[in-house]
Amino acid sequence: MCVALRGFKVFVFCRVVSQVVIYCPFTGIEQTFPCSKWLDENEGDGLIERELYEMVSLRQKRQKKHPWSLWIWTSDLAGSGTDASILLQIYGEKGKSDEMRLDNKTDNFEQGQLDKFIIELPDIGKLTKLRIWHEKRNPFAGWHLSRISLMKTLAKEMYKFPCERWLDTNEDDNEVVRELPATGDMVPEPLPLIKYRVVVYTGTVSGSGTDASVFLCLIGVNGDTGDRTLINCKNNVNKFEKGNADEFIVEAVFIGTVRRVRIGHDGRGGGCGWFLDKVVIREEGQAESQAVEFPCNRWFDRNEDDGQIVRELVPFADGQRLYNVSYHIAVKTGNVSGGSSDSKVFVKLYGERGDTSRMMLVVSDNNLRNYFETGRVDIFSVDTCDIGQIYGDQGKTEVLSLGSRSNNFERGTTDIFKMEAKDVGKIFKVRISHNDTGVGSGWYLDRAEIKRLIMALVPKEKKEDKKKKKKKKKEEDEEEGGEEEMREVVQTYVFPCDRWLASDEEEKEMVVELLPEDNDELEEITYEVSVFTGDMYGAGTDAKVFMNIYGENGDTGERPLKKSNHLNKFERGREDVFTITAVELGPLKKLRIRHDNSHQSDWYLDRVEILDTKDDTTYYFPCNRWLAVDEDDGQIARELVPVDEAFMRKDEDEEESGATLGLEQKAMSTTYTLRIKTGDKKHAGTDSNIFAILYGENDDTGIINLKASKSHKNKFEKGMIDEFTVEAVDLGDLQKLRIGHDNTGGSSGWFLDWVEIDAPSQGQRLRFPCGRWLDCGEDDGAIIRDLYPADLQTELYTPFVPYEIKTFTSDVFAAGTDADVFIVLYGEKGLCTQQKYLCVNKRERRMYFEREAEDMFIVELEDVGDVLEKIRIGHDNKGTNPGWHLDRVEIRRLLRKGKGSETTIFPCECWLARSEDDGETVRELVPSDIITEKLLRDGTLKHSEMEVEDALETHTYKVSVRTGDMYGAGSDANVFLTIYGDLGDTGERKLRKSESSSNKFERGAVDKFSIEAVDLGQVFKIRICHDNSGPGADWYLDQVEVVDVETEEVYMFLCERWLSKKKEDKRIERTFFVKGYEGDRNPNNVKKTTQNSKAGLDGNMNKKKKKKKAVVVNEGPMIPYHFTVSTGDDRDASTSSRVYVIVMGLNELETERLWLDLPHDKKCFAAGGMEHFVCYGLDVGEIKRVELGHNGATPESCWLVDELSVAVPTKGIQYNFTCKCWLAKDRGDGLTARVFNILDATTISIIRKVIYEVTVVTGDTQNAGSDTNIFITVFGANGSSEEMLLSKNEDRFERGQEDTFNLEIDDIAPLKKLRVRIDGTGSRPDWFLDKMIMRNLSTEEICVFTYENWLSKTKGPKRTKVCELPAVVDDEEMVENTTYTIQVKTSDAAGAGTDANVFLMVFGENGDTGTLALKESSNRNKFERKQVDVFRFLDVFSLGELSKVRVWHDNKGPAPGWHLEYIDVKDELLNETFRFPCDRWLAKNEDDGQIMRELACANNDSLDLSDKIKYEIETATANSEDAETKENAWIVLEGKKGRSKEFMMENPKKKRFLRGATDSFEFSSKNLGDIVGICLGHISKEKKVKSESFWHVQEVLITEKELGNKYYFTCDARIPLAAKKDQFMTFECTKSVESFASKVRSLVPVKYEIIIVTGDNKEAGTDTNVFITIYGVNGDSGKRPLKQKFRNLFERGRTDRFLLEMLDLGELLRIKVEHDNSGPSPGWFLECVEITNTANWVTTIFICGKWLDQNKADGQIHRVLYPKY
């Protein structure tokens, strides 16, 4: 039995292996073992043997197959052998096998011979029959088969198939196919052989005969006959001629009732087209009356009908074509050289219910003629069994085009079409039309019939019993009545017509709506349509106008408005009346009206009135808008909704003209903004006319001609985004977009990238990806495509609401303006809309805002609530006459409840002009009156007006801007300011005229400005920027002071930053908060609503589980996940799509979709690149699977993922997934998301981190802020962290500011001290640090580190860039100050002294001192032979007990070599001196060539651990009920060096092991080494246990008394009481803490062998200087150079070996490899590092496999590597 493999060893005789796939047919498991490495002694790592491990994510379950033994006996007759290829197919009760070809290359199937084969069969149940045949029809191919035997190898089941017949065209019945029934012990009754008499009737139409080779397959309930070529005709020599009835005999094992006939031909020969009338089948011997007829009456011809040459026929029945299913097959040929094919292509479909025959793909639906060409898509349709516009009560279908390759709709004919359409429920009408093209376009339609299959209850067919039944039982059956069952039945609708559809007959209509015969509810009525053209210049049109009317019962379809009461239709100020006959629509809902943009096309439509002549109801549809490409919003189609008559009467009563119902129309419609992206490919643009149709769940927009682009005059050019506006009513949620073109113009082909549809009123932005050609000569040749929204690219936001904005320009000389006017609306609590420009284009700007004009605009903006507090209106001061005198603004909104509106009036009555009044072009206005109109139940309008009493007041704000007093601080740029308060903001105001200086913003100067604005409330923030214009645009802003003149409140903003494109972070826009502000400075931390995607997951992924029932938002702790994603090196491997990760744990617990968004300076996941991300997500516990995907949905949004790394720092674990797979629609397996099993990952233990909340407080001193790089190192009782860079993140570390963020720090608590360092870079290198506060988010412990001084080389008393701060916990400092006196003794050896600069680092219990430069000695000439130099370091933190020192020099000076004898370090606080002996050279040319030494402390007492040592055991009993015990307990310790004896933990007075208590015990034992496990027992004081009892132990802590090492065991277990010590529980150590004394004891000099393997990639080698830092449990090695004399190191594919001496680091935790980027070729590909401790010969391997190159991958030149065990 074969089981799933986990790994195997492979020896391969090829040079490179991509992967190995192993399929076990017996289990059905296919396993993939990736390799992608060389197996070549001269390539890569030189290995020719590798162990490969399975990628579990790619494991597939395929159909199981079982081995069978096949024996074939050829008869012992003369000439019975054959050389032909033998084929075999086997049938069973559960199905059938594929066709199998038996090898006949050797001397098989010879006379009298037995041939043996091993074949594999799926589980097809008990065998029933076998079909065997050969393909050669020549005189020497004949074969006489004696018999066949089949035995299931494992089960020993035997089946026999006797034959004893010829398979020969000249023998027996001249057939080469035989079907043999199964016989044997397993078959109780073999099936009989039946001869089926088949009569094929060829039609009588012209050219109906064929010379092609015809084949047929009979399909019954018990199987099929297979394809049989119809050769031996019984009644005609010339077969399949016109009008022929050709008879054939098909011999087969009994197949039951024949349900289907598959018939076709091979398409060969000159006249291969064939018209088949029918096929008649009966069993030989049956009467003619029992024959079954299979009608066809269709062509088998590539140029006729639907082009198919193979069909499946069903017995004669009503609507018989409905019983077949159409499958559409799209075949995309790869876009690679030589990818096309001229061969015949076949397809076979397999389903749960059966399979099709092998079908040749001969006639494509998209008619590309030359099929399977490079990069093309061919689409084929296949009709087989089930593996006009129609209206129903559940909607309507799309328009269905009826036509085929044959002549349709000829006189007196009945044409049958099979269509696929949406299920619309019960059909109540059908609309039929034609396009009036062609020579004889007129058509007299008699009737239409529509048939469809439905499920219905029908009487159950009763099977007759041949045995006689008792009379009584028969009577009972009759009483019960017949049973019913659900079955498919044909439902028929008949629609009588009996009329012309012609432009020159009867009513000259080419559209007709038909009702079914049995209709009693609906009737055809006439609608009288009155179209009113507006009374303004150029309002009339000569274009063709079309209308579609919608009601509750459907719509009329688009009808041309032709017959008017006027000869010249649609003239200015004219009413045109039309009649439309249609099936009654019920109450009217909307109408769509458009024109075709031909001739003089611009049209201003005033309104449409429609009279329903049946119930005499008039519907009013106001419009008052242009239908013109160059007017309004450029639309030439409008959707109008009816309004109440009261509103129309009100409109007529008003004297002034102008639209007043646009707001109501806007509220009932949806405005869609279409952004269409043309691809960036060669010849991607088009000159064709583009159209689109939007389909919603309720309706569609009809054809929209995209004529007026808002963004470009020349539309749809390469790489451009064109914007269009579309308005529609009640579409519902958009489901589909159809877009295409008419294929006209010089360059019609078009590559469409995507379409984005923004619906502000619905609050959603949908992306419809395409990424394909719309070109007759490209792709699949389609010029129309259906696009669907990509869920992962859908953006949701708060829906907008419509506002009607009226501006009243004053009646003052030159009051009008040509400038671009904008407006902002404000609600309560500062809620405001975006700034909205009221005019769309230059033409509107010229037309509106004229003197004494009233201009109305309907805009969709954010909902600011029911109360409008103020508005801000202004203009851009451009144009010929920009000055504007505004009288007032009126803003109307619809009431939230009921019908009606509310108008708010904002008086202005002043200039917005530079040359008038105060020169301001922006005004803030507050409301004076509110007018309400409400529609009452009696149909009248109630009008009410009220005055606004508590409107906000206008305040004057005095702004003082101080420019800094430093070189280049002044600016010539234009400066803009926005002031924010809790009631709103001022908007962006230009600081134009300084009240204190004519030359603004000069160095050290204060400029004063006045800003008038509506009361802002409490000011808390400003935003200031400049436009970077002028010769000296750079600006250093010192501070801004804002004074509210009315309230006399002063707001101070301390800035002290550059606004410059050249300095600091190169930003010219900054936000500052008022001094002392304590609110949230980063409101953008909240997730952007625009990034929310619709619920549900992309189904295009290899998930085993089915669709989720609902998206469950899991709640729990959030932890950081670190992701590293590497993209492959292929040319098109990159993607610009948004990438996401989902981390999944146990019990379907998973994170939300974590988006890996690139930084702003990166546009894509570049080929060969590597990106790092940190995301916070739900803690899912133990990770089981990781899903990686992207939101790209076009064929071109492909991405080649090379590697994915997922690190969980809080758990100290990292998973590396080797992916090497495409996430693409048309690459690989077509998936855009993949789920990786954690079993596929390489698991690495990393340093466990703890999350600290860090608050950095910058001092409130002038110029205290900084943009320098700030680094911190944290020291704790259990080690120290790496040096970490604190990210500036734009606005951190500024004067008087508290910045809070999270940091991941090694688990080294409790914290002792903090080292802060700045590197002095940046425009403002000095920083005043007040303090830092660190809060452990796990334990809530808070440490405060106070400095209150400068970190600077030029400021403050210390003039230092480094400081160390003690941790203060509960007002207690964790470290104390001391003075270190360091004595350095140089040896008495020749040349022992040095001229180099010497440095020292001292290590102890509390961390290290940092680098100490040994400069100021007691001797003038330091480090001379036999000399002692003394150095004193004052006010440094005591390290406690010292462990080692690291000493080195910089190898400079004439004689840098140095022989050091020892170093003494005296701690004045402890009054203790520590000696560190050396007696070694620190010289490049002496000893081992090292210039850095680590020296262990010689003071430590030597402990003799060979004797017994004491262990303290602390047990913690749980704090739950029944946790305590009155009995004794015992324990055994398991160590690395041995096992202890049993130690009894007695409970004499029953005062131990109490609930929630901790008990301590001590005992002595031999040295056990590190404790790794314990055995814990619970024993009775008496001999017998009277009742069941438990001791619930929570935790056990074991302390080694001599060294102080601690071992923690988390038990949380109930230990049962036992009478003997044979019952116990074992626990493993969950955490161990090595004491400082223990670490010091292991500090002995050790030599480490370091092996560096450089990758075998192109340009992998480097010329740079390489360094390594090794980290172990005992500390780190320091940064060591890897150098060797006279060797060219780190070359491609090379291995370099180094030997370094350092103090024993213990177990290695990680290494850091880096280089200094020097040399001509600094880039380096590091494969791996191997480090061997030569003292114990333990080797640790660190895998890298990444670049250290500033121009490759992630651009890093250092890597931190963790060990692979």
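The backbone N, Cα and C atoms fix where each Cβ goes, and this holds for glycine too.
Per TrEMBL, the feature signal peptide maps to 1-19.
Look at TrEMBL and you will find 66-181 (among others) tagged as domain 'PLAT'.
Taken from TrEMBL, the feature domain 'PLAT' applies to 194-314 (among others).
Summarising the annotation, TrEMBL assigns domain 'PLAT' to 325-515 (among others).
If you look up TrEMBL, you'll see 465-486 marked as region 'Disordered'.
Among the features that TrEMBL reports, compositional bias 'Acidic residues' is placed at 476-486.
Annotated domain 'PLAT' per TrEMBL: 525-641 (among others), in sequence order.
Residues annotated as domain 'PLAT' in TrEMBL: 670-788 (among others).
Assigned with DSSP, the residues of the domain 'PLAT' (801-926) fall into helix, strand and coil as follows: 9 helix, 61 strand, 56 coil. Positions annotated as domain 'PLAT' by TrEMBL: 801-926 (among others).
TrEMBL lists 955-1073 (among others) with the feature domain 'PLAT'.
Here TrEMBL flags 1119-1237 (among others) as domain 'PLAT'. Looking at the domain 'PLAT' (1119-1237) alone, the prediction's average pLDDT is 91.
Under the heading domain 'PLAT', TrEMBL lists 1250-1365 (among others).
Feature annotation from TrEMBL assigns domain 'PLAT' to 1378-1496 (among others).
The domain 'PLAT' annotation in TrEMBL covers 1509-1629 (among others).
Residues annotated as domain 'PLAT' in TrEMBL: 1646-1762 (among others). Using DSSP to sort the residues of the domain 'PLAT' (1646-1762) gives these counts of helix, strand and coil: 0 helix, 63 strand, 54 coil.
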Structural state census, the domain 'PLAT' (670-788) (DSSP three-state): 0 helix, 60 strand, 59 coil
What counts of helix, strand and coil residues does DSSP assign across the domain 'PLAT' (1509-1629)? 0 helix, 65 strand, 56 coil
Out of 66-181, 1250-1365, 1378-1496, which stretch touches the domain 'PLAT' (1646-1762) the most, going by CB pairs under 8 Å? 1378-1496
